[in-house]
Amino acid sequence: MSPAPEHNSVKVVVCGAAGGIGQPLSLLLKQSDLISHLALFDVVNAAGVAADLSHINTKSKVTGHGRESMDEALQGAHTVVIPAGVPRKPGMTRDDLFKINAGIIRDLAEGVAKNCPDAFVLVISNPVNSTVPIVAEVLKKHGIFNPKKVFGISTLDVVRSSRFVSEVIPSVDPKSTRVTVVGGHSGVTIVPILSQIPGHASLTQEQIDALTHRIQYGGDEVVKAKDGAGSATLSMAFAGARFTNVILEATVAGKAGLVESTYVNLAADSSASTQAFREKTQLDYFALDVEFGREGVSKIHALPKVSAYEQTLLDAAIPELKANIEKGASFITAA
Ligand code: NAI
């Protein structure tokens, strides 16, 4: 019998690791054999979370880093996952978080530029539509932006879509049915392409409306139920770990053909079709199905065929997304 293939393993940093998302996300990442060093950075309690996780009997070493040792946390990182910042309270939109989170993300991106300029950067902190352009503009300022390596994690929209659809179409297995969700990651910018799901024909327009609204505003259900104690953390940690694992499987283990929807800079794929889409929408960032390879993005899939209803959703998403992108980018370029 041939020996099991040897994989490399790499350093992954979680920024905001002691938070509501950061802790369960770090727990899930501790289970990855593709991680040799899990570095946990937070301005509070990173040492405690790291000590706790470090007792779990998997391969990776775990280290905790406070405010004074951000550089040490980031040095030599292969992948940096960012759930740092403040979450929503009832009545807040993701855009309301911009004032606080924009500065946090800018400073972390500066840390990436200084300590791990080749790293994959996976942004969870909201508003994702704007925080990803912030990261990109900081990296551009340093001349090191690689659009194949910077992502907004919109996987929770995909996870919610699979689950919510399975509650309406009983033949849909929530685990194996992946719904393509395009656009951005907030309210009307979230556009689930339900017309591509097997069994879609059985849905009434009323059901499609209700499902679409629930996917777009699923986060509000959690914010309301937590009643001031934050937003989605456990389902987000699950989604964040799923996306991070896809990146590691593709880039470290060399697994081909992995696809996830993610919010990405459209310069990551120079193909005529992606560039025509960019030209048509006049948007630099958009969530689409992305295929990953060793270097990150290997291909951005074209927007699937959409129904007339989905086209109206896209028409509503595009101006909002454009404003969100400009707000993020100008936070750096106009500073
Ligand atoms: P939280 O408040 O529980 O945790 C945030 C953590 O970030 C805290 O431990 C805090 O100390 C830390 N932090 C603050 N400033 C920092 C800095 N400069 N450097 C490093 N760490 C810092 O918040 P939670 O619930 O974990 O949410 C985090 C972010 O994720 C929020 O912006 C939230 O809106 C976003 N989110 C994104 C989702 C998505 O689908 N992409 C879904 C749910 C939340």
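Glycine residues also receive a Cβ, built from the backbone N, Cα and C atoms like all the rest.
Note: TrEMBL annotation is automatic and uncurated.
Keep in mind that what you see is a predicted model, and the values were worked out from it rather than measured.
These features come from TrEMBL:
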- His185: active site, proton acceptor (ACT_SITE)
- Gly16, Ala17, Ala18, Gly19, Gly20, Ile21, Gly22, Asp42, Asn101, Ile124, Ser125, Asn126, Met236: NAD(+) binding site (BINDING)
- Arg88, Arg94, Asn126, Arg160: substrate binding site (BINDING)
- 10-152: domain 'Lactate/malate dehydrogenase N-terminal' (DOMAIN)
- 155-331: domain 'Lactate/malate dehydrogenase C-terminal' (DOMAIN)
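On the backbone, the CA of Ser125 (NAD(+) binding site) and the CA of Arg94 (substrate binding site) stand 10 Å apart. In this structure, the recorded positions Arg88, Arg94, Arg160, His185 were compared by how many other Cβ atoms lie within 10 Å of their Cβ, and the smallest count belongs to Arg88. With a cut-off of under 6 Å between the Cβ and any atom of ligand 1, the binding-site residues Gly16, Ser125, Asn126, Arg160 reduce to Gly16, Ser125, Asn126. Residues of the domain 'Lactate/malate dehydrogenase N-terminal' (10-152) grouped by DSSP class, helix first, strand second and coil last, total 60 helix, 29 strand, 54 coil. Residues Arg88, Arg94, Asn126, Arg160, recorded as contacting substrate, have a largest CA-CA distance of 18 Å. If you draw a 10 Å sphere around the CB of Asn126 (substrate binding site), it holds 27 other CB atoms from the protein chains shown. For Asn101 (NAD(+) binding site), the recorded positions whose C-alpha atoms fall inside a 10 Å radius of its own C-alpha are Asn126, out of Arg88, Asn126, Arg160, His185.
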